[in-house]
Amino acid sequence: MYASREDIGYDFGDDSKVGSKPVKPNPNIDGGWAWMIVLSSFLVHILIMGSQMALGILNMEWLEEFNQSRGLTAWVSSLSMGITLIVGPFIGLFISMCGCRTTAIIGGILNALGWILSAYASNVHYLFLTFGVTAGIGSGMVYLPAVVMVGQYFQKRRALAQGLSTTGTGFGAFLMTALLKYLCTEFGWRNAMFIQGAISLNLCVCGALMRPLSPKDLHEKCVVRSDSEENRAKALSHSTETIKSNGVLSEEPEKKEEAANEEVPGSVQHIEIGGKSGSGRSMYGLRILKTVSQLTVTVRKGFALWYSSYFGAASLFTNRVFVAFIIWALFAYSSFVIPFIHLPEIVKQYNLSRQDNVFPLTSIIAIVHIFGKVVLGIISDLPCISTWNVFLMANFTLVTCILTLPLMQTYVGLAVVCALIGFSSGYFSLMPVVTEDLVGTKHLANAYGIIICANGISALFGPPFAGWIYDITQKYDFSFYIAGLLYMVGIIFLLIQPCIQKKQPREKSTEEAQV
């Protein structure tokens, strides 16, 4: 395997130059308010991801209410889950311009609005717009900031922090399933969605807790990380210089742009000072002009950072390992979603409904999934353990379980495989950590937005594809086999690219020596 997680990524320039003076770390990094950020992210996972895991309750109500096909009705849930993740890159633009706190608060309002408007649905197509699109976009605007903020506030215990926050998905699956079932029974599905919309307004509270770190704090965090990794970074210095010489994240243009942008508010301020002798109406107009100009500068800077991350010289796509990570994400998430969707039908085919009613297999996955995230996070934070290696081992375990699940035809066998699926899928808590190691803290929002977008595509088309395979073969076996093989292709990409990246600097240095 690989000795360190830094061996798998490029230096994207967010680590500042290391000074000789020791830097006093901010008490809120790895402690203090950082744990409030974990709590906020935990609640976000309960309200968003937990609610999406419980949509099966509402799906049955929609089938009965609108009398549409199962395939058409299922697209409501798929759209909501898929769009939550697919909008990730665009939410990165909002974060660059407005920050995580503002983005999350706006998303909370939009998500609640989607739930409330869906209570007045007259047909399934109406739900596509209100619940699938509106609530889905709102969920994405809260979910990405919740993940990014944990990455910003933690350095030494990032994996553990991400593991604790993402356990909200498992807890939410239990809480929201019971809540929606009770609300639908007592008040009907329309009132249930209205009440759930009111509950979703708590996402705004979670967003308000996302207090941003000052640029100085982020700089100190980068310096601390650079100090602890200086020896290992020397091994990659040649490749880093090669990348920077090609124009990756040069800092001078950014400084020039900032200087140019500062001229606009400065000139407005000069006009304002000169106009003090004028009327109050002119002063009011100048203040408005100054506010608009400052807002314009903020938007321009945010868009410039977002655009350069995707399409400029600093494009994230110049990182080959990150591109391989995207390919992996396109196949990975469906392998986790498909069992949740199709296991109840498999249990019915095997005449195991009685045992499954006592302890559902999907509940086994959800429960063990919680422990998997925490345990894998603790293991990854050990000094002698590489997060990258833990991530790969968990992926190998999960793909093995997906391929062997169709071979199990007893409840005990299925329960064991489901437990392994739940534990190994705990690597989801490591995804932000691996992403940050690949691209750095500065580009985490945009990079992780791309990753969850790929996951969203996988979640959107994976279950319908599995159902289509079942319609052709009348078996779910081939659905798991095909999903597992595609998943294995993604893992192979993750294994090949780091080896290529390590080999290239050696080959270049050999050629230069010959010249």
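Cβ atoms here come from the backbone N, Cα and C positions, even for glycine.
What TrEMBL says about this protein:
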type	residues	note
TRANSMEM	33-55	transmembrane segment
DOMAIN	37-502	domain 'Major facilitator superfamily (MFS) profile'
TRANSMEM	75-95	transmembrane segment
TRANSMEM	102-120	transmembrane segment
TRANSMEM	126-148	transmembrane segment
TRANSMEM	160-180	transmembrane segment
TRANSMEM	192-210	transmembrane segment
REGION	233-275	region 'Disordered'
COMPBIAS	237-248	compositional bias 'Polar residues'
TRANSMEM	321-341	transmembrane segment
TRANSMEM	361-379	transmembrane segment
TRANSMEM	386-405	transmembrane segment
TRANSMEM	411-434	transmembrane segment
TRANSMEM	446-466	transmembrane segment
TRANSMEM	478-496	transmembrane segment
Does the transmembrane segment (192-210) come close to the transmembrane segment (321-341), meaning at least 3 CB pairs under 8 Å for residues 6 or more apart? no
Spatial neighbours of the transmembrane segment (160-180) not adjacent in sequence (6+ beyond its ends, CB under 8 Å) are 34, 38, 41-51, 53-54, 56-58, 146-147, 150-151, 153-154, 192, 196, 363, 366-367, 369-370, 373-378, 380-381, 426, 428-430, 432-433
Whole-number mean pLDDT, the domain 'Major facilitator superfamily (MFS) profile' (37-502), equals 77
### Message
Are the transmembrane segment (33-55) and the transmembrane segment (192-210) close enough to be called in contact, which here means at least 3 C-beta pairs under 8 A that are separated by 6 or more residues?
### Response
yes
Top stretch by Cβ pairs under 8 Å to the transmembrane segment (446-466) (candidates 75-95, 102-120, 386-405, 411-434) is 75-95
> Counting only pairs at least 6 apart in sequence, do the transmembrane segment (478-496) and the transmembrane segment (386-405) share 3+ Cβ pairs under 8 Å?
Replying inline: yes
Checking 102-120, 126-148, 386-405, 411-434 against the transmembrane segment (192-210) for Cβ pairs under 8 Å, the most are found for 102-120
Given the transmembrane segment (411-434), its same-chain partners at Cβ distance under 8 Å and 6+ residues beyond its ends are 5, 147-148, 150-151, 158-159, 162-163, 165-167, 325, 336, 339, 343, 346-347, 350, 352, 355-356, 359, 361-362, 364-369, 371-377, 380, 387-388, 390-391, 394-395, 397-398, 401-402, 404-405, 444, 448, 451
One stretch in 102-120, 126-148, 361-379, 386-405 has more Cβ pairs under 8 Å to the transmembrane segment (75-95) than the rest, namely 126-148
